[in-house]
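Okay, handing you the structure first.
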Amino acid sequence: MTLLALKEDRPTPKAVYNWRVYTCAAIASFASCMIGYDSAFIGTTLALPSFTKEFDFASYTPGALALLQSNIVSVYQAGAFFGCLFAYATSYFLGRRKSLIAFSVVFIIGAAIMLAADGQGRGIDPIIAGRVLAGIGVGGASNMVPIYISELAPPAVRGRLVGIYELGWQIGGLVGFWINYGVNTTMAPTRSQWLIPFAVQLIPAGLLFLGSFWIPESPRWLYANGKREEAMKVLCWIRNLEPTDRYIVQEVSFIDADLERYTRQVGNGFWKPFLSLKQRKVQWRFFLGGMLFFWQNGSGINAINYYSPTVFRSIGITGTDTGFLTTGIFGVVKMVLTIIWLLWLVDLVGRRRILFIGAAGGSLCMWFIGAYIKIADPGSNKAEDAKLTSGGIAAIFFFYLWTAFYTPSWNGTPWVINSEMFDQNTRSLGQASAAANNWFWNFIISRFTPQMFIKMEYGVYFFFASLMLLSIVFIYFFLPETKSIPLEAMDRLFEIKPVQNANKNLMAELNFDRNPEREESSSLDDKDRVTQTENAV
């Protein structure tokens, strides 16, 4: 098996894997660059000497300062939570593409408002207000982009294409982690020093806004809304095939069958998917989607993203430049491992297996770091020039090892699974629910991490280590492997028990349905579909 080998659900023309589908995914993923940058830059910006001086952080007690910092960080997640819910409405009425335009505009307005903050008259309030709006923008985008990409993607590369969304997150995070190291080492601690990191937010948002005018609407959304002629044109453009090509004919028939089934079972309309929540199978998938983000945030990732100076100080790293440098290296490691996950792991190794490995390895690393802090108490050394002990160096090694386990597993895989596990009629609502869960747990972590470090110290690491172990049990018993399964077959996947064998059994069913003998018997049906397609266009 080669590095980029693909496991196809049916014979697929090479033309399907073309630059158009990758380019559309990349443009939509400017949204994740926004999210990654905002998640990464804020923690180190709050530690910039120019920022702490302008807003007089020295006048606060430790508890009051922790509360202020957590509020600045967490209002963004609160806005994102509601942005996810708003996205369900915009997705239904406006479509995927126009929703991306709308949420990029909201983000741009929020980022611009933040630039009005100062240490005198306006104070820090514009930053808080702007981060609420920016949060609404990224919350909506975090809902929309995985859906949009999954609906464009051929099944064999769906994980890889949704993974571009995760790659964009890491590119934004990499810039966010390093930018404050750059301004801190090259600029005087003036107002301009901290304004630059806030202003950079406008770049990915502007690129998403402009790019969204070029990318097409999701063909699945167009079919669901009765715009068949436009949908056919978009689908043929994305697949780089003619309307009469057998692959296009089959894909249209799959989409039509899926829409017909859910029109019959759930019904069309804005409120109909809410009524489908009465069904146990739908409730179960919503629960699974939300729990994936509970376990993801339970790994400790967002405590590190938002409060990296605090995290590294607890290990024994002192000095602003050193803390920023260590944070920047953390961003580089995440970026490299995300590329490995994107190109190989997610579509070849599968979703379940990499979640197992990531949780087990990450938990061991957290146990070691917590034990080191309990025994050595490195945080008690307040000297700026304090050197790391051999135990501290080992703790740093295990921190980066934890990053190596977490990044190619829990970082992006929950987004991939949630983008593909819901049916057409509940996909927007399901993704909204999953993304809202992500931002809810994100909010909890960002709001209480400073207080947790004050009260629990080393216990914070034991807490995250325990949650990672529990996630293994949950995934093993409750989550089926979704790799290579067509979106139209997801319902069947979640019906098969036990979940450990569901993917294997369903792929065998799909291959049986499409074996040569059955293909011959269905050839007349395909000819009829070709004729119908020709008439449609």
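Every residue, even glycine, has its Cβ placed from backbone N, Cα and C.
Below, the features straight out of Swiss-Prot:
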type: COMPBIAS; residues: 514-531; note: compositional bias 'Basic and acidic residues'
type: CARBOHYD; residues: ASN184; note: N-linked glycosylation site
type: REGION; residues: 514-537; note: region 'Disordered'
type: TOPO_DOM; residues: 1-26; note: topological domain 'Cytoplasmic'
type: TOPO_DOM; residues: 48-74; note: topological domain 'Extracellular'
type: TOPO_DOM; residues: 120-131; note: topological domain 'Extracellular'
type: TOPO_DOM; residues: 153-160; note: topological domain 'Cytoplasmic'
type: TOPO_DOM; residues: 182-195; note: topological domain 'Extracellular'
type: TOPO_DOM; residues: 217-285; note: topological domain 'Cytoplasmic'
type: TOPO_DOM; residues: 307-327; note: topological domain 'Extracellular'
type: TOPO_DOM; residues: 374-389; note: topological domain 'Extracellular'
type: TOPO_DOM; residues: 411-435; note: topological domain 'Cytoplasmic'
type: TOPO_DOM; residues: 480-537; note: topological domain 'Cytoplasmic'
type: TRANSMEM; residues: 27-47; note: transmembrane segment
type: TRANSMEM; residues: 75-95; note: transmembrane segment
type: TRANSMEM; residues: 99-119; note: transmembrane segment
type: TRANSMEM; residues: 132-152; note: transmembrane segment
type: TRANSMEM; residues: 161-181; note: transmembrane segment
type: TRANSMEM; residues: 196-216; note: transmembrane segment
type: TRANSMEM; residues: 286-306; note: transmembrane segment
type: TRANSMEM; residues: 328-349; note: transmembrane segment
type: TRANSMEM; residues: 353-373; note: transmembrane segment
type: TRANSMEM; residues: 390-410; note: transmembrane segment
type: TRANSMEM; residues: 436-456; note: transmembrane segment
type: TRANSMEM; residues: 459-479; note: transmembrane segment
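Neighbours and distances for these, please.
For the topological domain 'Extracellular' (48-74), same-chain residues at least 6 beyond its ends with a Cβ under 8 Å from one of its own Cβ atoms are 42, 118-119, 123-124, 127-128, 131, 180, 183-184, 189-191, 193-194, 197, 306-307, 320, 443, 446-451, 454.
Residues 55, 68, 71-72, 75-76, 79, 110-114, 198 of the same chain lie 6+ residues outside the topological domain 'Extracellular' (120-131) yet bring a C-beta within less than 8 angstroms of a C-beta in it.
Within the same chain, residues 6-9, 12, 16-17, 21, 25, 239, 342-343, 346-347, 351, 416, 419-420, 483-487 sit at least 6 positions outside the topological domain 'Cytoplasmic' (153-160) and bring their C-beta atoms closer than 8 Å to a C-beta of that stretch.
Secondary structure counts, DSSP: the topological domain 'Extracellular' (182-195) has 10 helix, 0 strand, 4 coil.
Across the topological domain 'Cytoplasmic' (217-285), the DSSP tally of helix, strand and coil residues reads 51 helix, 0 strand, 18 coil.
Within its own chain, the topological domain 'Extracellular' (307-327) is flanked in space by residues 43-44, 47-49, 69, 73, 177, 180-181, 184-185, 369, 372-373, 376, 378-379, 381-386, 388-389, 392, 395-396, 399, 449-450, 453, 457-458, 460, which lie at least six positions past its ends and keep a Cβ under 8 Å from the stretch.
Summed and averaged per residue, pLDDT over the topological domain 'Extracellular' (374-389) gives 74.
With helix defined as DSSP H, G or I and strand as E or B, the topological domain 'Cytoplasmic' (411-435) counts 18 helix, 0 strand, 7 coil.
Using a Cβ-Cβ cut-off under 8 Å and counting only residues 6 or more beyond its ends in the same chain, the transmembrane segment (27-47) has close neighbours at 69, 72-73, 76, 100, 103-104, 107, 134, 137-138, 141-142, 144-145, 148-149, 164-177, 179-181, 194, 197-198, 200-201, 204-205, 207-208, 211-212, 214-215, 302, 305-310, 320, 323-324, 327, 331.
Residues 28, 31, 34, 53-56, 79, 83, 87, 90-91, 125-127, 129-138, 140-141, 144-145, 148, 191, 195, 198-199, 201-202, 205-206, 208-209, 212-213 of the same chain sit 6 or more residues outside the transmembrane segment (99-119) yet have a Cβ under 8 Å from a Cβ within it.
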Does the chain bring the transmembrane segment (132-152) near the transmembrane segment (436-456), so that three or more CB pairs sit under 8 Å (pairs 6 or more apart in sequence)?
yes
For the transmembrane segment (328-349) and the transmembrane segment (459-479), does the number of C-beta pairs under 8 Å, pairs 6 or more apart in sequence, reach 3 or more?
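No; fewer than 3 Cβ pairs under 8 Å.
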For the transmembrane segment (286-306), which recorded stretch in the set 75-95, 196-216, 353-373, 390-410, 459-479 gives the largest number of Cβ pairs separated by under 8 Å?
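Looking at each of 75-95, 196-216, 353-373, 390-410, 459-479 in turn, the most contacts to the transmembrane segment (286-306) are made by 459-479.
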For the transmembrane segment (390-410), name the stretch out of 75-95, 196-216, 353-373, 436-456, 459-479 with the most CB-CB pairs under 8 Å.
353-373
Between 75-95, 196-216, 353-373, who has the most Cβ pairs under 8 Å to the transmembrane segment (436-456)?
75-95
State the residues, same chain only, that lie 6 or more residues beyond the ends of the topological domain 'Extracellular' (182-195) and have a CB under 8 A from a CB inside it; answer 'none' if no residue qualifies.
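Non-local partners: 45, 48-51, 53-54, 115, 118, 320-321, 324.
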